[in-house]
């Protein structure tokens, strides 16, 4: 073990004279720790920059005032000694000690920033000509390190409850006794499965258990993960590690992931008991559960599944609600209709509850559909249930049978939209803008606006067939729905798919294909697919070796991918009716796409959306997509933005492109050359791109631009002066651009500008020319509002709306 022998070095008599020797030992040892190369080298670099100043102080005094630094050196040496015994593959200990090394580095820098400067002034070292060069160089290095340290994210806060969903203060009915029974079974067994039919409240019960004070006291940490019917062991373990503050970690195979999981659990159980909740486990996933079974005394697993695993693990069977609880729940959702006698109301309740069969989800859906409705609609609902057999289920009533009437009462256009929801993977939080893009092309007629299809989403949500989740409290009214998520209960997604599958597979208007490894469905290879909406899922073992498929009528294609490398299928080139293409990656890292050339021959392709993929922006104009109207990127990686390498007339190559949407693309630091050359562009949205610091002056070439949206680009310092040439600009959104210091000097020339949104922009200077903006509406926070209120006497038509915005970014973790 390496320690500094301070007495041996003479520190007992001349304390400060040998602190530099201790620093030399620490620098030498830190450089030897290969498993922590980046952080140990950073620590060594900090100490090397400190060494010459310490030597100068030692030469002028006894150095007793360096005792704090000596103590830090002692701690650092002990930590370096521990790090030297950590193997490269031990990601848990590496993560743990990395944070500790970073903390030591912070202490060193803090000493340099405060205490060292006091010592220098006290000893008047700064006034000595011999020290001027040393100190200038030293403090320049320290300032750079402090800037870099302040710009890097702080060590993550690790919650006791990782990813456990919230119950949103919902009044829960009939779960008290099941909770007591489940707690007892869990405390008596290492693995417990909560089993029951879809929609009976399994997830709600388990979430309530995680909130229980006795359980919170019993377990030091609770992990929660949704498994679903497309389980990915590596992704689940990666998320568990990330929830515990280990950062982004890649596993080459499941064996590495198993080792990482064991290391994590062994480390955490040293501090207390651990509970892992695996929600929505499907039949056939027994192998997955066994990988999570690790023989540790303080580790338990709780599973929810609609399938019965009694033969493998202790199981708690959750039964439907008893009548009194079901009745109470229904009354919560649907109050009595007007002009109803107590007896008549009770009779209706009994008939409805008999149909609902005690399933909480069915009660909720039916209750919502009847809420506020007239008596005759209640009676009509009950009568419709008594007419003939339902097309769902079998001899025994199922949840789908209970949900079918809620689908039957939908208007025709809402039925189509509801069935479209089956094209997305389960347990997904889907951007409303993605769904609206598809509906615009499938059901839009000429001048149809996004508002029409947003209304469709609201109608489905009002009947509890899906849920809308706002990332912020401010609801968009300008057709921008990136901050609106759509979620759907799995059983409702199953209902949507069930409706689509009532026709023979080759005749369906909506078709979902699932390709695991390289196994293609046989029925899709020998005859044409007639679907308008085609969704293809491929797992992370898919090799991109496509077989030919004939899809002449496909207008909307959704590719749900999982592999790190993915080639677009060549048969896309023959989809001459294709209007909208969505490529959504559900893997942990951006997928590398190839074979873009298959898109260049599509005469009707109007919308392309990329999610979590790696693309080269220069590829886009080379495709010559003359019919393209909207191009969207979400959580994409672009790498280096290359400049023009070929002679491409962008105005012709993308002659109809009207909207570009770039959101949460973290490595975008500048716009590609071709965007300002898309003269047809009407809407440019660049949001949550924190590396972007400026826009090019060429942005002024977009003479048709009507909407410029730059929300939450933290490092954007200014808008180019050429912005004044955007003569058709109606709306400007710079909300949460915290680094923005000024608006263009001649912004007042934008006479068509009607709206400016600038929440959290109190440091932004308003030029005098804003006074010339007539009929302007400003949306901002209270502090920013003060900048505008001073102008109200001169701007009689100015309208300032102050509001606060809150964002729940945890909702984005599944993307």
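For all residues, glycine too, the Cβ spot is worked out from N, Cα and C.
Per Swiss-Prot, the feature ATP binding site maps to 196, 197, 198, 199, 200, 201, 202, 203.
Positions annotated as domain 'RPW8' by Swiss-Prot, on the basis of sequence analysis: 1-150.
Each residue of the domain 'NB-ARC 1' (156-283) gets a DSSP state, and the totals for helix, strand and coil are 55 helix, 23 strand, 50 coil. If you look up Swiss-Prot, you'll see 156-283 marked as domain 'NB-ARC 1'.
Mean per-residue pLDDT, taken over the domain 'NB-ARC 2' (341-440), amounts to 80. The feature domain 'NB-ARC 2' is assigned by Swiss-Prot to 341-440.
Secondary structure of the repeat 'LRR 1' (656-678), assigned with DSSP and counted as helix (H, G, I), strand (E, B) and coil, comes to 3 helix, 5 strand, 15 coil. As annotated by Swiss-Prot, repeat 'LRR 1' applies to 656-678.
Annotation source Swiss-Prot lists repeat 'LRR 2' at 680-702. With a cut-off of 8 Å between Cβ atoms, the residues of this chain six or more beyond the repeat 'LRR 2' (680-702) that come close are 480, 482, 651, 654-671, 673, 708-726, 739.
Its own atom aside, the Cβ of residue 196 (ATP binding site) has 22 Cβ atoms within 10 angstroms in the protein chains shown.
Other Cβ atoms within 10 Å of the Cβ of residue 197 (ATP binding site), summed over all protein chains shown, number 20. For the repeat 'LRR 1' (656-678), the list of distant contacts is 433, 482, 606, 617-618, 620-621, 625-639, 641-644, 648, 650, 684-696, 698-702, 812, 815: same-chain residues at least six beyond its ends, Cβ to Cβ under 8 Å. Neighbour counts were taken as the number of other C-beta atoms within 10 angstroms of each residue's C-beta; across the binding-site residues 198, 199, 201, the minimum falls on 198. Mapped onto DSSP helix, strand and coil, the domain 'NB-ARC 2' (341-440) counts 68 helix, 2 strand, 30 coil. Here the binding-site residues are 200, 203; the one with the fewest Cβ atoms within 10 Å of its Cβ is 203. Less than 8 angstroms from the CB of residue 202 (ATP binding site) sit 194, 195, 196, 304, 305, 306, 318, each of them six or more residues away in the same chain.
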